[in-house]
Amino acid sequence: MASSNRHWPSMFKSKPHPHQWQHDINSPLLPSASHRSSPFSSGCEVERSPEPKPRWNPKPEQIRILEAIFNSGMVNPPREEIRRIRAQLQEYGQVGDANVFYWFQNRKSRSKHKLRLLHNHSKHSLPQTQPQPQPQPSASSSSSSSSSSSKSTKPRKSKNKNNTNLSLGGSQMMGMFPPEPAFLFPVSTVGGFEGITVSSQLGFLSGDMIEQQKPAPTCTGLLLSEIMNGSVSYGTHHQQHLSEKEVEEMRMKMLQQPQTQICYATTNHQIASYNNNNNNNNIMLHIPPTTSTATTITTSHSLATVPSTSDQLQVQADARIRVFINEMELEVSSGPFNVRDAFGEEVVLINSAGQPIVTDEYGVALHPLQHGASYYLI
């Protein structure tokens with residue numbers, strides 16, 4: 001059908017009906033009805049440019065009729081149908097067959113152009129809309145990674161919690177400690193003062209002494225009176241329990257003496273073991289060798305025990321001095337100081353001049369520490 005309508009302007013000149021051709025000639029809007037110069041006209045009239053044709057502006061009623069016919073599927077109406085459409089449009093204004101024909105041609109080109117624009121727009125919008133569902137797997141992957149990271153961090157937290165568990169009289173004491181594993185020396189005074197009294201916590205990290213922050217008052221710590229309620233065992237040591245009467249007596253004694261609150265931070269296999277004897281009040285400190293993922297703490301394989309012989313340090317409460325070890329203030333006995341019992345076998349204590357403190361075979365310093373002096377552990 002499109003090929004038959006290719007040469008429409010020539011078909012209008014064929015004059016199939018004399019009345020129709022006469023009507024087209026009389027129409028001022030047809031291209032053939034332009035002002036022609038007659039052969040008998042003068043030369044000045046021939047030189048005159050033809051007047052411009054007025055453009056056909058269809059009325060709203062005519063546009064509605066044409067749109068209804070075009071939307072019904074008649075994109076290229078045949079010649080007979082064009083005449084019928086023109087007769088229908090003439091009820092609302094003057095119109096020619098060529099006007100109807102060209103309106104359908106323009107309407108078809110406009111629809112094609114509109115479809116082309118929609119197709120291009122959809123083609124450009126597809127790459128933008130397709131990546132939008134992609135963040136979902138990334139979100140799922142991020143959620144899975146976050147869940148996996150949370151899973152990976154949960155065991156660490158549980159490890160820290162397990163590390164800070166202390167079995168005291170058959171119950172577990174949970175402490176709030178820094179995440180770094182540290183070896184802390186507690187204050188130890190029962191009856192007569194024995195060993196050393198640490199006014200602040202002392203920690204080893206990678207062989208260096210660093211100061212641990214004191215826990216807040218709300219920290220779940222162990223008072224010395226609670227430590228003396230029973231022995232905190234390491235490994236398979238049997239726990240010993242005291243009677244309620246002895247416990248109350250211990251608490252009354254410890255409440256009379258001003259003491260600081262102590263928190264114990266332990267590693268996987270490191271725990272302090274205290275054995276309370278009613279006779280000599282010895283304090284036994286079991287320090288097995290440990291290896292942590294964050295730090296490596298090397299201690300002696302042998303049991304660091306306060307000797308119960310003449311080498312045992314028994315210092316009265318009024319015979320104590322204060323020294324600075326690794327910039328930390330400590331209160332120690334004024335007599336010979338046992339370095340091995342306090343810090344382990346492999347630790348060497350040096351003074352501010354860099355000279356090591358000479359000790360005997362039991363780890364006791366040959367010369368007492370000087371009051372107010374500074375010492376360092378290596």
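Here the Cβ of each residue, glycine as well, is placed from N, Cα and C on the backbone.
For 51-115, the entry in Swiss-Prot reads DNA-binding region, with the evidence type sequence analysis.
Feature annotation from Swiss-Prot assigns compositional bias 'Low complexity' to 32-42 (among others).
Feature annotation from Swiss-Prot assigns compositional bias 'Basic and acidic residues' to 45-54.
What Swiss-Prot records for 137-152 (among others) is compositional bias 'Low complexity'.
Marked as compositional bias 'Low complexity' by Swiss-Prot: 161-171 (among others).
Marked as region 'Disordered' by Swiss-Prot: 1-60 (among others).
The region 'Disordered' annotation in Swiss-Prot covers 123-173 (among others).
Across the range of the DNA-binding region (51-115), the DSSP-based residue counts are 42 helix, 0 strand, 23 coil. Confidence for the DNA-binding region (51-115), expressed as mean pLDDT, is 88.
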